[in-house]
Ligand SMILES: O=C(O)CCC(=O)c1ccccc1C(=O)O
Ligand SMILES: [Mg+2]
């Protein structure tokens, strides 16, 4: 197994209530020999995953342990301690095995929790991701996204004053037509009383869902916000607690599953199945990753039958990437790439530094 560090700058910072994301640093991971090779990506994002250093140490340990049979012998790092490292190894293994068996990654993942007989769709619906900004910037970004064919928009909120957010949301609502749904993501910024007040105002406007209005640990507060006319989604709460705890606390209508944050594509699909069987709708998103992990997240979404719009249209946020993007985004949908494993188009990154 080889591990190669990379660093990619964002085209412009993504403003969130948890801070600005300006750069993504991570590791490409490769394993296999000859024709059977797989590639994975570990791109930690503190707040959702372990630190960069903890990720590197976890991957170093795996590299030291790997001996002769790289595909079956690789042990995945602990998905709760070092989810990004676990994601990288899980993905590289899945890609190699799926390619060996001549199957797309989505088909392999489907078996981790859903009915394998239902056909896998060749594309999944996606939302546009719009960072914090002024009212005018937000409306411009929203109308541009709608022109590109998106009918789900996710706006970051909770950075500025709540009243300003309401103005931004109302302005976007007025600027787009009725077929466009808005999602809002506060990244845990509000306290209970602010969130309660905003939910009541947002219920009048009508929005698709409000993501992480309260701090990650406040499952009781989230449960109280439900049923007031706005669906509640949790994201950070999954890393802070668990899907089971969220279900138990009836804290969410929707769970936002980030494969990078939950320890890999396999676990992401398993958790999606747990959520759906409890009546909580799973949504899959990236953590603003390179093309390798973004494509994996598209396969994860496609493994979930009739998945709702996912946060997978994040490639445009990066100023550069590790390979050409095999996923096309049009009419608000992300296409599944052709080929086996992650798909065609990754041959150069799969070869990497072939040091096995
Ligand atoms: O969901 C999306 O539209 C894209 C992903 C996204 O918003 C995100 C990206 C990186 C880190 C955190 C988040 C988030 O959902 O809070
Ligand atoms: Mg979020």
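Glycine residues also receive a Cβ, built from the backbone N, Cα and C atoms like all the rest.
Under the heading active site, proton donor, TrEMBL lists 156. DSSP assigns residue 156 (active site, proton donor) to a strand segment in the three-state reduction.
Residues or ranges marked as active site, proton acceptor by TrEMBL: 258. Taken residue by residue with DSSP, residue 258 (active site, proton acceptor) is part of neither helix nor strand, so it is coil. Shown in sequence order, 48, 235, 238, 268, 284, 285, 286, 287, 297 are the residues of the chain, 6+ apart in sequence, with a C-beta less than 8 angstroms from the C-beta of residue 258 (active site, proton acceptor).
A sphere of 10 angstroms centred on the C-beta of residue 235 (Mg(2+) binding site) encloses 24 other C-beta atoms. Per TrEMBL, Mg(2+) binding site is recorded for 185, 211, 235.
What TrEMBL lists as domain 'Mandelate racemase/muconate lactonizing enzyme C-terminal' is 135-232.
Under the heading region 'Disordered', TrEMBL lists 65-85.
For residue 185 (Mg(2+) binding site) paired with residue 156 (active site, proton donor), the C-alpha to C-alpha distance reads 5 Å.
DSSP assigns residue 185 (Mg(2+) binding site) to a strand segment in the three-state reduction. Here the Cβ of residue 211 (Mg(2+) binding site) has 29 other Cβ atoms within 10 Å, regardless of which shown protein chain they belong to. Separation of the C-alpha atoms of residue 156 (active site, proton donor) and residue 211 (Mg(2+) binding site): 9 Å, rounded to the nearest whole number. Reduced to three states, the DSSP call for residue 211 (Mg(2+) binding site) is strand.
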